[in-house]
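Q: Take this structure first; my questions come after.
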Amino acid sequence: MNTQFKLIGFDLDGTLVNSLPDLALSVNSALAEFNLPQAPEELVLTWIGNGAPVLIARALDWAKKQTGKVLTETEVKQVTERFNFYYGENLCNVSRLYPNVKETLEILKEKGYVLAVVTNKPTRHVQPVLAAFGIDHLFSEMLGGQSLPAIKPHPAPLYYLCGKFGFEPRQVLFVGDSKNDIIAGHAAGCAVVGLTYGYNYNIPIRESNPDWVFDDFAQLLSIL
């Protein structure tokens with residue numbers, strides 16, 4: 001066990017789980033109800049990372065450019081609600097854990113690290129997704145988009161973890177795939193691992209200057 005780090009926080013989408021197919025399906029199902037065009041999966045990928053309201057706002061902005069159709073504030077709320085409904089029904093139809101995630105988490109837990117999830121995903125979806133892959137029991141805390149007043153890139157979730165478990169920021173390692181993860185971690189005073197395979201708006205994660213850059217989740221074991 002690395003004696004510097006006591007707690008390891010993980011982003012969810014694009015870090016632990018490849019959830020893009022189910023997210024894209026849910027976005028397009030919601031858009032279809034309002035006669036809006038279907039977005040290709042590779043485009044939806046660039047909208048992920050700031051929570052459901054921002055995801056839908058980006059989708060509607062794209063749809064507006066395609067069709068010229070402007071939705072009312074009420075309709076925007078309805079699209080978001082329909083997305084949440086469809087995603088709730090399709091959390092793990094096609095989503096999969098990335099390679100080596102479960103095995104690595106089990107090793108880290110066995111080594112004595114406190115493990116936590118910090119995601120901007122709607123809070124009500126976090127535990128069900130983790131449970132579907134049989135890894136929810138490995139985490140001592142699961143923070144979603146509605147768990148606290150602020151979400152990433154604000155450092156509040158990491159401050160919360162430090163306070164709850166009694167650790168200094170230097171004792172916390174955060175692992176994510178997007179610039180929001182890197183910004184949040186560094187703002188909190190934590191070291192950060194950037195993973196290259198996730199959803200960083202098609203921008204190389206290295207450009208966000210994480211402390212380590214890994215291509216495979218199992219590479220975490222090289223520093224822990």
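Using N, Cα and C of the backbone, Cβ positions are placed for all residues, glycine too.
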Q: Can you match one of ASP136, ASP177, ASP211, ASP215 to the Mg(2+) site that Swiss-Prot gives for ASP11, ASP13?
A: ASP177
Q: Looking at the recorded positions ASP11, ASP13, ASP177, which one has the fewest other Cβ atoms within 10 Å of its own Cβ?
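A: Taking ASP11, ASP13, ASP177 as the recorded positions, the minimal 10 Å Cβ count falls on ASP13.
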Q: Measuring Cα to Cα, how many Å separate ASP11 (active site, nucleophile) from ASP177 (Mg(2+) binding site)?
A: 7
Q: Show, in sequence order, which residues other than ASP11, ASP13, ASP177 on the same chain lie with their Cβ within 8 Å of the centre of the Cβ atoms of the Mg(2+) site.
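A: Checked against the 8 Å cutoff, the neighbours are LEU12, GLY14, THR15, LEU16, GLY49, THR119, GLY176, SER178, ASP181, LEU195, GLY198, TYR199.
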